[in-house]
């Protein structure tokens, strides 16, 4: 639409210029001549008057057309939005996604006022950039528009000096010449030769200076090298034609501004300036000063300010302590900070001081950040959260500046709470290496230490931080006075998982009460963190929707657990009959060996459906959460793990690579027993745990001790495999029956195994997780209350055993 407008405007101006420089003006000049000449040229004047009337009539009609075109063009809403610097109005998406509640107007006004005061300087940069972007394209369009008038309209024709002399000057068609900017000669021609025209009188201004000639029509132009050369050639040409010196073609020198050339002179500067501004705006997202494209509107000069997420009592979608489960002890610790901020007088009367900080420590997914969000929802005081990586930047000095800005904001809003997520990004121990990035991180850490406990600290600001690597933090950061408390958030036990499942199951449409599923699912998911439980509930709902289920059932939850543990089910994977038979006998060996071992975990189901990237089948057990493991328990677990390889050797007669993962687990467990737990008599009561950071370049024992460890591990694994082969030989028929049934059904549950193997010969005196899975907590608690059980002897002072690790040789 814009190009159509410029095209029409160009044609209108071209037509009007023909009138301005043509016969219309000449006729008008004749109207202004002396009365003595009127009679001599009455016919020509009458023709001129008629010509003027016709041109004025056509000009009026063209003006009306141009006005109509302009009105039509600028009435286009797209063009008006294009040239407008106002933000576009939001579309009515609320019709499809209605809001539950409307915010109070007073809150909106207060939030708007607060935001306007905060971003007053930021809006100036946004306004300038928006104005520049809105004007950039129109300026380019105007440049193209003016380029059409750089040397006149499209009716002018460029000629050479030789053509000018032969075709225009010699016939006497040249009225006068205007030399523009000493570079272009504009030729104004007559409609008839000079010897056939009446004499034109040129009036002056009364001072002897003739006025500028207005006769002739501008139709041709040519470039000149220099003024002197042009005048010399023109004089020679007229002299050769025998023209009297008093009748030489008048030459006028004019200075004109060609907008196109002027614009092109400044175009490189404007282009460079626009590129720099555009690049700076695009870099705002990468500089940590806003989202992509500068969403938060902070310029590069405000890069020293921290990107803070604020929450207060007016915030939406709050999380409360009732929404957090599975970490009651940690929740009690963190609630004391909230109570102190709400009612400090109660503690001050007793002489107590609020701890300055608390460090939330725990594995990933246990709810550290969720607990911090609940603290923000319950406290009712300003809550400022930031990530540890937000302090680090490509510019030197940005980290300390952001730390100062963060604590300055917190002190202005005191009492307040600061939460730094993943503080290990800046809190690593100092003194390791001296590179530039390390120096910048150390400067940030030093500034954080000073702000938390230094000369300029003030009361009323509590600092919370979360990390899953407390071992690498600097000792100065962990001392009392900075982080007074370390709150450990472990993976939930079976009771904690039950509480977490109840929270997430409330949002799902079930065929039973949430408590019915929570008790059983908690028994099926040992070692799951809160994030894993949330994933299981979501996967179960997705599976139910995929199968067009009206409600979510236990089968959907079991499929979701299999999905989380084993990976995606791949029924379409092409497996040969021999491979499928090998997998069936392998999994059958695991099931039978574990069934007849006292300390093995109860089997829940076994399947030969491929899952994930490598698993062609697996057996699922319901393990108990034991804090201590005996040598006999670990030996039975080793035998159960080797059951698949033993079944392949005894029943098929050939072994395969399917036991690779089993052998890896066996090696890890056996090395841990010999080199970590001190179970070997030859090695003695020594423990060589591997380093957690992975920098295990040297062994903490001699080569002789390493050889003893290797020999002892081989002997233990050989004994376990010998016992496993004996069990498979003893129950060979049952192993084959289960394998053939697996080939038929692909999935076998414990009820199917009971029909072939019968009841397990061993019965635990205590309630196991499998019992809780079958009947739920409430019934098992009644049974355990009626049946006296032997209390296990637990040494409260003994630390839990290490996770089995591999000691490389």
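Keep in mind that glycine also has a Cβ here, set from the backbone N, Cα and C atoms.
Annotated features in Swiss-Prot:
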TRANSIT   1-83  transit peptide
REGION    93-122  region 'Disordered'
COMPBIAS  93-121  compositional bias 'Basic and acidic residues'
TRANSMEM  132-152  transmembrane segment
BINDING   362, 363, 364, 365, 366, 367, 368, 369  ATP binding site
BINDING   586, 590, 662  Zn(2+) binding site
ACT_SITE  587  active site
REGION    776-809  region 'Disordered'
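Ranked by Cα separation from residue 369 (ATP binding site), the recorded positions 586, 587, 590, 662 are led by 662. On a Cα basis, residue 587 (active site) lies 32 Å away from residue 363 (ATP binding site). Of the listed binding-site residues, namely 362, 363, 365, 367, the sparsest Cβ surroundings within 10 Å are found at 363. In three-state terms derived from DSSP, residue 363 (ATP binding site) belongs to neither a helical nor a strand segment and is classed as coil. The Cβ of residue 366 (ATP binding site) lies under 8 Å from the Cβ of 327, 489, 490, 491, 492, 529, 530, 531, each of these being in the same chain and 6 or more residues away along the sequence. Among the recorded positions 586, 587, 590, 662, the residue whose Cα lies closest in space to that of residue 362 (ATP binding site) is 662. For residue 586 (Zn(2+) binding site), the same-chain residues lying six or more positions away in sequence with a CB closer than 8 A to its CB are 617, 644, 645, 647, 648, 656, 658, 659. Spatially, by CA atoms, the recorded positions 587, 590, 662 include one closest to residue 367 (ATP binding site), and that is 662. In this structure, 662 is the one among the recorded positions 587, 662 with the smallest number of other Cβ atoms inside 10 Å of its Cβ. The Cα atom of residue 364 (ATP binding site) lies nearest to that of 662, taking the recorded positions 587, 590, 662 as the candidates.
In sequence order, 360, 361, 362, 421, 466, 467, 468, 489 are the residues of the chain that are 6 or more apart from residue 368 (ATP binding site) and have a CB within less than 8 Å of its CB.
Within 8 Å of the centroid defined by the CB atoms of 586, 590, 662, the record's Zn(2+) site, lie the Cβ atoms of 587, 589, 619, 641, 642, 643, 644, 645, 647, 658, 659, excluding the listed residues themselves.
Closest by Cα distance to residue 365 (ATP binding site), from the recorded positions 587, 590, 662, is 662. Within 10 Å of the C-beta atom of residue 364 (ATP binding site) sit 9 other C-beta atoms, taking all shown protein chains into account.
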